[in-house]
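Novice: Sharing the features that Swiss-Prot gives for it:
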type     : residues                                                       : note
BINDING  : Gly716, Gln717, Thr718, Gly719, Ser720, Gly721, Lys722, Thr723 : ATP binding site
COILED   : 327-546                                                        : coiled coil
COMPBIAS : 1-12                                                           : compositional bias 'Basic and acidic residues'
COMPBIAS : 161-179                                                        : compositional bias 'Low complexity'
COMPBIAS : 180-193                                                        : compositional bias 'Basic and acidic residues'
COMPBIAS : 197-209                                                        : compositional bias 'Polar residues'
COMPBIAS : 332-347                                                        : compositional bias 'Basic and acidic residues'
COMPBIAS : 1002-1018                                                      : compositional bias 'Polar residues'
COMPBIAS : 1066-1078                                                      : compositional bias 'Basic and acidic residues'
COMPBIAS : 1099-1130                                                      : compositional bias 'Polar residues'
DOMAIN   : 632-952                                                        : domain 'Kinesin motor'
REGION   : 1-37                                                           : region 'Disordered'
REGION   : 50-81                                                          : region 'Disordered'
REGION   : 161-217                                                        : region 'Disordered'
REGION   : 323-347                                                        : region 'Disordered'
REGION   : 1002-1021                                                      : region 'Disordered'
REGION   : 1028-1140                                                      : region 'Disordered'
Amino acid sequence: MLESEFQREHAFESATEQELTCPISDNLHESVEADDDSVQMLDNLTLNTNPAESCESEEIQTKALPSSSSGQDLVASDEDSEDVELGDTFYSCSELLQRNCCVLPYKAQKKTKENPFDFDVRTWSSPCDFPRFGEMILLSPVLNPMPFFSCCTKRAIFCSSPGSSHGGSTPRSPFSPSSPRERHNKGLADSRFQRPLPNSSALDPSSPGSMLHGGHKSHEAFQMKQGRFDLQAAKISELMKSNNLDNAPTQSLLSIVNGILDETIERKNGELPQRVACLLRKVVQEIERRISTQSEHLRTQNSVFKAREEKYQSRIKVLETLASGTSEENETEKSKLEEKKKDKEEDMVGIEKENGHYNLEISTLRRELETTKKAYEQQCLQMESKTKGATAGIEDRVKELEQMRKDASVARKALEERVRELEKMGKEADAVKMNLEEKVKELQKYKDETITVTTSIEGKNRELEQFKQETMTVTTSLEAQNRELEQAIKETMTVNTSLEAKNRELEQSKKETMTVNTSLKAKNRELEQNLVHWKSKAKEMEEKSELKNRSWSQKELSYRSFISFQCQALQELRFYSKSIKQEILKVQDKYTVEFSQLGKKLLELGDAAANYHEVLTENQKLFNELQELKGNIRVYCRVRPFLRGQGASKTVVEHIGDHGELVVLNPTKPGKDAHRKFRFNKVYSPASTQAEVFSDIKPLIRSVLDGYNVCIFAYGQTGSGKTYTMTGPDGASEEEWGVNYRALNDLFRISQSRKSNIAYEVGVQMVEIYNEQVRDLLSGILSTTQQNGLAVPDASMYPVTSTSDVLELMSIGLQNRVVSSTALNERSSRSHSIVTVHVRGKDLKTGSALYGNLHLVDLAGSERVDRSEVTGDRLKEAQHINKSLSALGDVIFSLASKSSHVPYRNSKLTQLLQSSLGGRAKTLMFVQLNPDITSYSESMSTLKFAERVSGVELGAAKSSKDGRDVRELMEQDTIARKDDEIERLHLLKDINYPQRLQKKSLGQSDDFNSEAGDSQLSIEDDSRFQHDYTRQSRHSVTDGEALASSTDAEYDDETEGSTDAPCAAEGRKPLKISDKPKPVTPRSNTTTSRPLDKLKQVTMRTTNIAKATSALLSPSSQGMKKTGSASNFLKSPKDSKRWS
């Protein structure tokens, strides 16, 4: 982009250079000696054009005219050119186009005796075949009817077309870039051969320097008669009527003025004819007009230079920014270099030093630009000061009659000096412009060097040395130009002396003195009139001063009367102030009483305001308690911060309130319809930390130690930060820990603080659901789904006692978890992760036991296949993930609408979450939100799902705490049941049943009598077995069925899929479990109960347990099979740890 900009700028500069450069052939001055004949010949050949001609030449040049085959070098060898005399006219292309001349290019060849001018003539078919502007064109004196000028020389003149060569050097067109030395030589040649000649040959009709170029008829105005000019009136009037002076070069106009001055000097009377005087005045006006146009041209050139300087400064800034780089790019590059390129730090230090060196060179270049700018501005100021000083001097000197002649001569000198100075300034501006262009090229080279600095350091050093050499050559060229300018100034001084002598003679004319005298008389009259006018004004001022004195005296009297009136008013005010003070004292007494009353009221209001926050917190607690009683799922929303490189301004989150309000903006809808408001239990901003998030869920996690079941799961689209919230980043520090680590750490800390009263045991399980398969992440068992049912892994449970144990287990589980990269997330979780924490506590004083479970679920993110760009296995994973999440949505919808049927069996995820979503558990859901605009549709679906979840009522949570009275009731119930059985058997014996039944009943009675004989031992064994059985069932991982707390649901003899008790005892692999739904014992929706009702419930429960235990211990039930939930006994591999 920068290269294209530099190219456009270079093209613009070349165009402006073509506008400002006079088209002069470079090869004309190479073979010319400094004698009078060659000087006259070069003056004849040099094309001096005015601004109008330069504009026309620009039109011709911009057409990009191709050079024809006839545009070859006009070369005459040195041997043949000694006797050749060319009498042809040289014109510029603009003049030829103005006159519609037939242009015939000639190619000089060897001469013959018959035809000394033997030329190869070829014609151009159209003006488009002309050679480039600035080349010399030979016109035939026969075919060209226009007047022509002869040129005689004994040396060969080389007029080359672009691309030709002469003398071992490559000629170039006037617009081709040249070296500083070539421009130096060109400036010397221009300053040497374009000066006016002091002799009378300047007025020679054969020289174009004294005539108007382009075929004007001004050369016919003078005719040589007896060594002087005879001015013809007809020719002068023809020149006055035509516009020939407008197109004439400045040198020709000056030559006309010099000729007229010489003619007046030669005449005796010193008078000028009226027509000649008019012509002279018109020529002077034309010169003044050109001076003004040249000054305007310099102003425009100055503005162009200023614009270019601003562009150069902007480019330098761009180069500096490219060298330094933005802060964000530096940060990203540093992070990459620290990981991948640690070995290259030393090289980077060297590169930074070189960048500093380059920055210093950029600053030096900028200083040079500023110095050149200041020098140019000083030159412009000097020129303007000179012009102002000259005009001021003319106005001052006109006032004095005696110095009028000297002033006129000085004015004439100033005019001529201005013309020369303007021409010099134009040349100097061209030189400065070329220097600036060279510096721009050097800056462009420097830009290329900075881009390739990392690859070629040595090449850059060489280029820098070349750059220094070029700057030295530029400085030498500038010094040479300054010397040339000094020489040109000396030459102009010599010319000025000759012109001053002529002007002194001209100033002796009588007409000018008469005009000066008349002007002085007129000014004297004006001065006298001014004196009379000022005297009258002085009288008027005296009258006005008298009137003002009278008015001031009247004002003084009025002020005195006003002061006396004010004194009387002050006395009255003093009297009024005393009365007001008395009234104020009375009012103050009243106000003190009222203020005391207001103070008491303010104290009451202050107390109320102080208690306001306490009331708010109490209301919030009551609201939370109400939510717990209702059993609503708590919903916490967390907004993910933007990643590096993402625009924070393009967010869908409009507002985050302090009380759970969230306003989302739809970027596709304007106005009020674009805003959508949601309300949750808590909303976390992107700036929230992990500690702030965990502080709000601490009470929920601590309730696990009180015997409650708690479930926390994270929901959201892929890449929204679910794993970060639940687990934290890879290699996280203690500050970056997620909910999993912090929850277990908090449980350990509280268990240690309560160890004097309650003894806790904590176990951890970690499984995942991958493609509808339940896999154990801690043991490495990967089971597959069979055709006839679901294969449940032996989920191993490890006891943990410290945070280090948890970190070790979590690292193993995260390594085994399925993670892959997609287009939306570099580390996308491809499975649902479930961390289950089992807590068992025993009260050391009362002996009561409590059980609590904590499920920490990290759901896989929902994703769109077209955005994630997944194929193959990743596509299959995404389909299973979306299917399970849609099943979760169906379950939430059924629970929200309180439907009679809840489809838990549609997915393994909903089966595992059944105890948390459909049971008496405390459930919390983290909603992770991606604030990017591109994820607006996924964010809205996530928020709508969370809003639906917040309305689900699960009922009040219930603690699974068993006291000592419950165990005593169970023992009493078993004793009473056995007594009833004995009495029943005795009754059957008395009724005289058949012998078969009698024997069977007697066998049973003998067994029961033996059991009754050792009743205390059997009761203890039953209670211990029941205790261990319920413990194992609570710590098992189900295959989708509810973790029911009732024993009736755990012991169902009529289930289809079952596991043999011997298999469970020996640790063999379990059989398949049917996928058919099993009945779950319905729960009561009552939140509170009386003690009597509670006792009845406990007795009914104990009777059911006693029946189950008796059935298990009876001899006829030895072959009986246990229910499917019994297959979930924790049987880990041999190397896994076990609870005793």
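Including glycine, each Cβ sits where the backbone N, Cα and C put it.
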Novice: Across all protein chains in the structure, which of the binding-site residues Gly716, Gly721 has the highest Cβ count within 10 Å?
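Specialist: For the binding-site residues Gly716, Gly721, the Cβ with the most other Cβ atoms within 10 Å is Gly716.
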Novice: Near Gly719 (ATP binding site), how many other Cβ atoms are within 10 Å of its Cβ?
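Specialist: By my count, 24.
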Novice: Applying a 10 Å Cβ distance cut-off over all chains shown, what neighbour count does Gln717 (ATP binding site) have?
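Specialist: Its Cβ shell of radius 10 Å holds 24 other Cβ atoms.
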Novice: Indicate whether Gly721 (ATP binding site) is helix, strand or coil by DSSP.
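Specialist: The three-state answer is coil.
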Novice: Taking 10 A as the limit, how many CB atoms besides its own sit near the CB of Lys722 (ATP binding site)?
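Specialist: So the number of other Cβ atoms within 10 Å of Lys722 (ATP binding site) is 27.
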Novice: Which whole number is the mean pLDDT over the domain 'Kinesin motor' (632-952)?
Specialist: 80
Novice: Specify the count of other C-beta atoms within 10 Å of the C-beta of Ser720 (ATP binding site).
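Specialist: Excluding its own Cβ, the number within 10 Å is 28.
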